[in-house]
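Over in Swiss-Prot, the protein carries these features:
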BINDING   His58  O2 binding site
BINDING   His87  heme b binding site
DOMAIN    1-141  domain 'Globin'
MOD_RES   Ser3  phosphoserine
MOD_RES   Lys11  N6-succinyllysine
MOD_RES   Tyr24  phosphotyrosine
MOD_RES   Ser35  phosphoserine
MOD_RES   Lys40  N6-succinyllysine
MOD_RES   Ser102  phosphoserine
MOD_RES   Thr108  phosphothreonine
MOD_RES   Ser124  phosphoserine
MOD_RES   Ser131  phosphoserine
MOD_RES   Thr134  phosphothreonine
MOD_RES   Thr137  phosphothreonine
MOD_RES   Ser138  phosphoserine
Amino acid sequence: VLSAEDKANVKAVWSKLGGHGAEYGAEALGRMFESHPTTKTYPFHFDVSHGSAQVKGHGKKVADALATAASHLDDLPGALSALSDLHAHKLRVDPVNFKLLSHCLLVTLAAHHPAEFTPAAHASLDKFLASVSTVLTSKYR
């Protein structure tokens, strides 16, 4: 459960991203594919090479979904319900990949925004991404 401080930290960091969300999403996906080769089995139809159009496109989708989540912190399940259905029933993404991508997102954000990435912000973002991952995997059962 995100505390009021966590919510404030998430909103503060998200407001600093500016128009770079898609870029950071693609960078995080690239990090995940390089660091965890087993994640390359999904999406099997993607060109997972660095800078590919598919990685950039999916990076934008990731960033947009996280922006939606960051603006609906009090109702993540409602805000992400359709996305949860998509990942569980159609795409069938391995649930472990959400945790791996979350870590890669944290690394990417820390690299680009070191001043904003305080220990408190790091902890809050980690909780936020874990909450998003939990919602996205909730319909796998």
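Cβ atoms here come from the backbone N, Cα and C positions, even for glycine.
Predicted-model confidence for the domain 'Globin' (1-141) is 92, expressed as mean pLDDT. Annotation for Ser131 (phosphoserine): spatial neighbours Leu2, Leu76, criterion Cβ-Cβ under 8 Å with sequence separation of six or more. Recorded residues Lys40 (N6-succinyllysine) and His58 (O2 binding site) have their alpha carbons 13 Å apart, per Cα-Cα distance. The C-beta environment of Lys11 (N6-succinyllysine), restricted to residues of the same chain at least 6 apart in sequence and closer than 8 Å, consists of Ala70, Leu73. Cα-Cα distances to Ser124 (phosphoserine) place none of the recorded positions His87, Thr108, Thr134, Thr137 within 10 Å. Here the C-alpha separation of Ser3 (phosphoserine) and Ser138 (phosphoserine) works out to 21 Å. A coil conformation is recorded for Ser3 (phosphoserine) in the three-state DSSP classification, outside any helix or strand. The recorded positions recorded for this entry are Tyr24, His87, Thr108, and the Cα of His87 lies nearest to that of Thr137 (phosphothreonine). Cα spacing between Thr108 (phosphothreonine) and His58 (O2 binding site): 16 Å, rounded to the nearest whole number. The Cβ of Tyr24 (phosphotyrosine) has 20 other Cβ atoms within 10 Å, all protein chains considered.
Checked against Tyr24 (phosphotyrosine), the recorded positions Ser35, His87, Ser102, Thr134, Ser138 differ in C-alpha distance, with Ser102 being the nearest.
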